[in-house]
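Per TrEMBL, the features are as follows:
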- His173: active site, proton donor (ACT_SITE)
- His173, Asn174, Ala175, Val176, His177, Asp214, Asp323, Gln374: AMP binding site (BINDING)
- His177, His213, Asp214, Asp323: Zn(2+) 1 binding site (BINDING)
- Asp214: Zn(2+) 2 binding site (BINDING)
- 423-439: compositional bias 'Polar residues' (COMPBIAS)
- 97-420: domain 'PDEase' (DOMAIN)
- 417-447: region 'Disordered' (REGION)
Amino acid sequence: MSCLMVERCGEISFDSPDQNAKCVRMLGDARVRGQTGVLSERRGSYPFIDFSLLNNTTLSGEIGTKKKVKRLLSFQRYFHASRLLRGIVPQASLYLLDEDYLGQARHMLSKVGMWDFDIFLFDRLTNGNSLVTLLCHLFNVHGLIHHFQLDMVTLHRFLVMVQEDYHSQNPYHNAVHAADVTQAMHCYLREPKLASFLTPSDIMLGLLAAAAHDVDHPGVNQPFLIKTKHHLASLYQNVSVLENHHWRSTIGMLRESRLLAHLPKEVTQDIEQQLGSLILATDINRQNEFLVRLKSHLDNQDLRLEDAQDRHFMLQIALKCADICNPCRLWDLSKQWSERVCEEFYRQGDLEQKFELEISPLCNQQKDTIPSIQIGFMTYIVEPLFERWAQFTGDTPLSGNMLNHLRRNKAKWRSLLHKQHSSSRSNDHSGQVTGMQEQTLKKEETP
């Protein structure tokens, strides 16, 4: 019988006394192996990053308890209105929740494969349940419920757990971002070059990884966790700290919900490992590693998508694209995401300033403007990846559309940056702009 890993600030506990032999201690945290050997994390153990956490108080247990109660109540409210709990089970198809959707939300789901899909509107129409609603629909569309014989109520339970473990306080890393990445992943999985080779397992892994890739994100980055000596940084030895936490938390939820408990042990073990490989690939510090490998495959024309390893690599690339696809969206949507992610950066900078820590790059609201941040991000991170993705997919409408949006959006940010530059010259007595703005302008104006 598998046991839970319990991680709390300075707190160690086990399911039973005889489990000490199974415990793997890492830098003061207790971790217990499950049946598959993959270490999972118990949910609700990490409070939102705030003053109490930095002061290393003992409130995490209380917060975790409140969070579990809130999740339970949310789960009950969500299902109260559902016909699933009234014993009505469809006999033929698996469109279980269609009758509960609002008409506009249902209409939007019929166009979920369109790149102009407005996830903000969809989240409002579903009363904040965009991730749960979207995943239920996509699991049905892709035939995953039937193929894996998933129990619909258990699937809902798992998805609600995932959605609730995102922090709505985060301007960017929240459940709406997860839903947006999942919708993008769905679009990428339909690209002809990839779609014809994908198995049901590939599709389910891609969607699950997209949905859970940032689960329980604290709203601060890895360097912040390291310099504040957060126990997650110690636990994962300062390597892919957040991504490891997202993965292990997802495994914990899969096991707690028992969504895949009916599948053979070796199948669930493989799913858990591959989920980890996908989620860990979203670590931005590994960007060059994946780009070099992708370039090599494309230049040598040696990708064999009949091979499970090559398919998995392209799923990693697809998830990386989905995770940073905001600059490739329509301007109105892209601009909202840009403002949200910068707001989250600035909040971290304010927190660092409050505690007299060095302010992280891109987190100083007085020096790092949204246009300069976005232009740099597009130039050095987004463009290289999406140009290679377009080379892989070929001249598809989606790839062309994304690159066109990317170029137009970059031009708009460049225009805004020039306006800020002009404004700062007229208003600033010193006639100086910030170092980052100056550097970005020079690079953008270089032929």
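Indices start at 1 and increase along the chain as displayed.
A Cβ is built for glycine as well, from the same backbone N, Cα and C atoms used for every other residue.
Automatic, uncurated: that is what TrEMBL annotation is.
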**Q.** Inter-residue Cα distance where the pair is His213 (Zn(2+) 1 binding site) and Val176 (AMP binding site), in Å
**A.** 12
Q.
Can you tell me the CA-to-CA distance separating His213 (Zn(2+) 1 binding site) and Ala175 (AMP binding site), as a whole number of Å?
A. 10
Q. Roughly how many angstrom lie between the C-alpha atoms of Asp214 (AMP binding site) and His173 (active site, proton donor)?
A. 7
Q) Which residue, of the binding-site residues His177, His213, has its CB surrounded by the fewest other CB atoms within 10 A? A) His177
Q | Cβ within 8 Å of the mean position of the Cβ atoms of His177, His213, Asp214, Asp323: remaining residues of the chain near Zn(2+) 1 | A | His173, Ala178, Val181, Ala210, His217, Thr282
Q: Within 10 Å of the Cβ of the residue listed as 'active site, proton donor', how many other Cβ atoms can you find? Include all protein chains, please.
A: 25
(Q) Just checking a number: largest C-alpha distance across His173, Asn174, Ala175, Val176, His177, Asp214, Asp323, Gln374 for the AMP site, rounded to a whole Å. (A) 22
Q: Name, in the order they occur in the sequence, the residues of the same chain whose CB lies under 8 A from the CB of Asp323 (AMP binding site) and which sit 6 or more residues away.
A: Val181, His213, Thr282
Q. For Gln374 (AMP binding site), which residues of its chain lie six or more apart in sequence with Cβ-Cβ distance below 8 Å?
A. Pro327, Ser338, Cys342, Asn409, Lys410, Trp413
Q) Including all protein chains displayed, how many Cβ atoms other than that of Asp214 (AMP binding site) lie within 10 Å of its Cβ? A) 25
Q.
Taking only the residues in the domain 'PDEase' (97-420), give me the average pLDDT of this model.
A. 96
Q | Neighbour tally for Asn174 (AMP binding site), based on other Cβ positions within 10 Å of its Cβ | A | 22
